[in-house]
Every structure is written in structure tokens, then in C-alpha cells.
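The block underneath contains the structure these notes are about, expressed in C-alpha cells.
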Amino acid sequence: MSFDVPDDLRYLESHEWVRVADGTAEIGITEFAQDELGDVVFVELPNEGATLTAGEDFGVVESIKAVSDVYAPVSGTVTAVNDRLRDEPELLNEDPFGEGWMLEVELDDESEPDDLLSPAEYRDQIE
Amino acid sequence: MSLRSPPLSAVHERADASFTDFGGWEMPVEFESIRVEHEAVRSEVGKFDVSHMGQITVDGPDAATLTQRLTTNDVTALDPGEAQYAAITNADGIMLDDTVVYRLPVDAADEFLFVPNAGHDGEMTERWLTERDDRDLDATVTNRTEEYAMLAVQGPEAPDLLAAETDADLRSLSQFEVTDGTVAGVDSLVARTGYTGERGFEILCPWDDAEAVWSALDCQPCGLGARDTLRLEMGFLLSGQEFHPVDEPRTPHEAGIGWTVKLDTEFVGRDALEGVAADGPEEKLVGIELVDRGVPRHGYDVTTPDGEAIGHVTSGTMSPTLGKPIALAYVPAAYAEPDESVRVVVRGEPKKARTRSTPFLDR
């Protein structure tokens with residue numbers, strides 16, 4: 001089975017992605033991650049204004065069978081939270097790179113995402 | 001220790017199942033998704049490979065006496081072709097396992113068959129043999145776990161699906177009855193039993209013929225993941241979670257299956273359970289539904305609204321049918337009445353919850 005790994009994103013080993021534009025980063029989990037978890041039933045995310053530290057856990061995703069921490073790929077301040085995940089956690093399964101986005105973060109350091117895995121590196125990791 | 005594999009391992013691999021270690025067996029946990037499989041069983045029909053369940057036959061003049069000694073229910077109440085649910089207890093009345101005891105149809109090769117849980121077959125065979133020898137009984141005890149495959153077909157459409165593949169008379173087969181017949185041409189035992197709360201059957205067939213039977217049952221294959229959410233919605237016990245001789249030592253009365261204990265029979269654990277039955281257990285297994293958002297899991301603490309610890313969750317999930325977080329938990333008997341306000345502690349956060357009776361679904 002091969003998983004979608006969009007070319008315009010950067011990745012963390014623990015299966016989170018970031019989409020960077022104009023000093024902000026959108027964060028979510030990868031298609032591979034949602035497939036490993038199975039049916040997502042609950043998502044716990046920080047509130048707007050919270051600060052993230054790269055490498056530290058910022059939330060929890062629960063599927064029917066497992067509980068999994070979610071790690072911050074970058075450091076910054078949360079500027080938007082995808083509130084739809086509260087009532088529609090299945091969006092993480094259905095559209096992990098789109099409507100299943102989790103947070104929007106204002107980056108502390110705009111160059112930080114450069115240290116993350118490239119799409120090719122992440123593809124190698126999950127193959 | 002290497003894992004035991006069911007006869008259909010290669011078939012499940014071709015179906016792209018994911019596997020898990022369960023009771024020493026490498027079993028399919030998920031085929032498509034737990035939710036899809038769960039919903040297939042509740043609304044249509046699904047099939048399960050449960051060949052990890054043990055099969056032990058007991059024959060000979062003292063077969064009934066021996067099985068009566070080691071199970072809590074009344075084996076002598078069974079006519080050929082009938083089955084009963086029972087607990088297997090130690091001398092202290094603590095559950096070692098739960099099981100279904102079948103008195104097989106008269107023309108079957110064996111007289112009694114009981115089905116212990118995954119990984120318990122060796123220990124239970126020993127238990128039966130030791131008791132037989134200690135009491136000088138005349139019985140043959142045979143562990144046939146790797147001679148029989150066990151398949152379950154469950155759901156409202158299960159009777160029609162199976163009827164098309166079997167010469168067994170399913171319409172005259174009541175709940176907890178067993179008959180012999182062919183399924184897809186394979187000589188089998190067909191029992192109207194299951195672990196989902198739906199109409200359905202469990203089929204015992206020779207290990208090497210499992211693929212013919214499995215393939216003939218044309219419906220959604222389901223893994224242990226859906227089996228767990230389905231049984232939990234019904235409040236059915238899972239060996240190792242709701243009871244375990246070391247990690248969760250419980251009497252049948254605590255576990256809510258006191259109705260399987262027949263004190264007018266002589267069985268190991270009877271004397272210890274007589275007092276429990278008279279006084280009532282101090283703690284009881286109760287259903288819990290979360291009011292707040294969150295998913296209760298095995299081991300989470302249960303507290304009063306004031307934060308006083310009163311118990312713990314043994315099993316929990318997000319119920320696919322109800323769309324609500326549900327759990328089973330042991331609490332003091334005073335809290336085991338429906339509609340008590342309690343808290344379940346999820347990652348340090350007390351979540352509002354209320355107790356309720358099981359099953360969580362009307363079936």
C-alpha cells in the first residue's frame with residue numbers, strides 16, 4: 001500500500017506535517033499516521049494563543065484502538081485551531097492533508113521548518 | 001515464545017489484515033476498519049476467525065461429573081445439543097476463565113466440549129486431567145484446539161447467509177443450542193452462540209477445512225478490534241480484562257455473572273462463593289457512559305465527583321453504534337446502581353460520567 005506524501009509539505013519522523021506560507025505553518029498528521037491509527041474518534045488540541053515547542057507533544061489523537069500523542073514539528077504560537085475536529089474527528093481519516101488540518105501556528109523562527117524531513121526523506125522512512 | 005497461527009493466516013494476509021498478538025496467537029485485528037466491520041455486524045452480517053479460542057473435549061462415563069466439578073453452572077441440566085455459559089473458578093471462588101460448555105449432539109464423535117479463552121487451553125486441559133486423577137474419575141480429556149477451527153458468523157443477516165451453505169436446520173436451533181451438519185460440504189458443528197449480541201452462529205470445523213468454510217461465508221471479514229467493540233457494547237466480559245487470577249482477581253458475582261453459579265452443585269470454589277452469593281459482593285462491575293468528551297481506557301481511575309478514588313476501568317471505547325464513550329469498571333456496590341454521578345480520570349483530567357446498566361444496546 002502506498003501513501004500520499006504531498007511534495008509541498010515538510011515532515012516529522014513521528015508522522016506530523018507542516019505547510020509553511022508567509023511565516024505561518026499549518027500542522028496535521030500524515031495519511032500514513034491516520035492509517036496506522038485506524039478510525040479516529042477523539043482529538044485533543046491546544047487553544048488559540050498556546051505556544052508550541054518543536055519536538056514536544058501538543059495534543060492527543062485517539063482512535064478506537066489506540067491513543068497517540070501528536071508532536072510539534074515547529075515552535076510558535078497557535079493562531080487558529082480546526083474546531084471541526086471536535087465533532088468530526090473522522091476528518092483526520094478522510095482528508096489528513098486538507099480538511100483534517102489541526103493547527104495554524106505563527107513561527108518563532110521562519111527557518112525552522114528547513115530542518116524537517118523533505119517529502120523524499122519521509123517517503124523513505126515509511127516505505 | 002513463538003506465536004501460534006490460526007489455519008487461515010495466509011488467507012487473512014492476502015486480505016491485507018493487520019495482526020496482533022492475542023493470548024499467544026497472531027490474530028487478525030482489523031481488515032478494513034473497526035468501524036466498518038462493527039457496523040457490518042450490527043446492520044448486516046460479518047464473519048470472524050476465532051480459532052484462537054480453545055477446544056477441549058471430555059468423554060467417558062465420568063465426563064459430566066468431572067466437568068460439573070470444574071465449572072460453576074449445572075452441566076447435568078444440559079441435554080445433547082445444548083450449551084451453557086459458565087465460570088471456571090479456583091477454591092477461593094476467583095475466576096480463572098469463562099467458557100461455554102457444550103453437550104454435543106448424540107451422533108457427534110465426542111460427548112462434551114468446552115471452549116476456554118485464547119491461550120488457556122493448555123492450562124485448562126491440565127486442570128481437568130489433574131482433577132480427574134485426584135478423584136479417580138473415568139474420563140478422557142483431549143485438547144483439540146489445533147484440530148478445530150472456530151469461525152463465527154454474526155449479524156441480522158447471518159441466519160440467511162449460513163442457511164444457504166449448510167444442511168443443518170438453523171430454524172429449529174435455539175439460542176445456546178448446537179447441532180451437527182455440513183457447512184460448504186465440510187462436516188461441522190454449528191452452535192447458535194456468539195459474542196456480539198446479534199443473531200449468529202459459531203462453526204467448529206476441522207482445522208484443514210477452515211478455508212472452504214470461511215470462503216463460502218461471503219460477507220465482511222472482521223478482526224478482533226470489532227469483536228472487542230461489539231462485545232463491549234453488550235457488556236460481555238473479556239478474559240484477562242474484566243477478570244484475571246492475578247491482575248484482576250474477581251468472583252463471578254463481582255463480574256456480574258452470578259447467574260452462572262449454581263450453588264446446589266458441587267464445584268471447586270462453591271463454598272467460597274456461598275457467602276458471596278448470600279451477602280452480595282463488595283464491588284461490582286458496572287457500565288459507565290462518559291458525559292464529557294474523552295475515551296475511557298483500561299486502567300483509568302474512577303472517582304466520586306469529589307475526587308475520591310473508588311475504582312478503575314477494565315475496558316473502554318468509543319461505542320461505534322452509540323457514538324458515545326462507554327466503559328466497564330469495578331466500583332463499590334453502593335456506586336453500582338444506574339445513574340450514579342462519577343468521574344473517569346483521563347490523562348489527569350476528571351471527566352464527568354454516569355453509571356448505567358449493561359448492555360449498552362437494546363438487543
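Yeah, the Cβs are placed from backbone N, Cα and C, and that goes for glycine too.
Residues annotated as domain 'GCVT N-terminal' in TrEMBL: B:10-264.
The feature substrate binding site is assigned by TrEMBL to B:GLU202. DSSP assigns B:GLU202 (substrate binding site) to a strand segment in the three-state reduction.
The domain 'Aminomethyltransferase C-terminal' annotation in TrEMBL covers B:284-362.
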Relative to the Cβ of B:GLU202 (substrate binding site), which residues of the same chain, six or more apart in sequence, are found under 8 Å away? B:VAL50, B:MET150, B:LEU151, B:ALA152, B:VAL190, B:ALA191, B:THR193, B:GLY194
Per-state residue totals over the domain 'Aminomethyltransferase C-terminal' (B:284-362) - DSSP helix, strand, coil: 3 helix, 42 strand, 34 coil
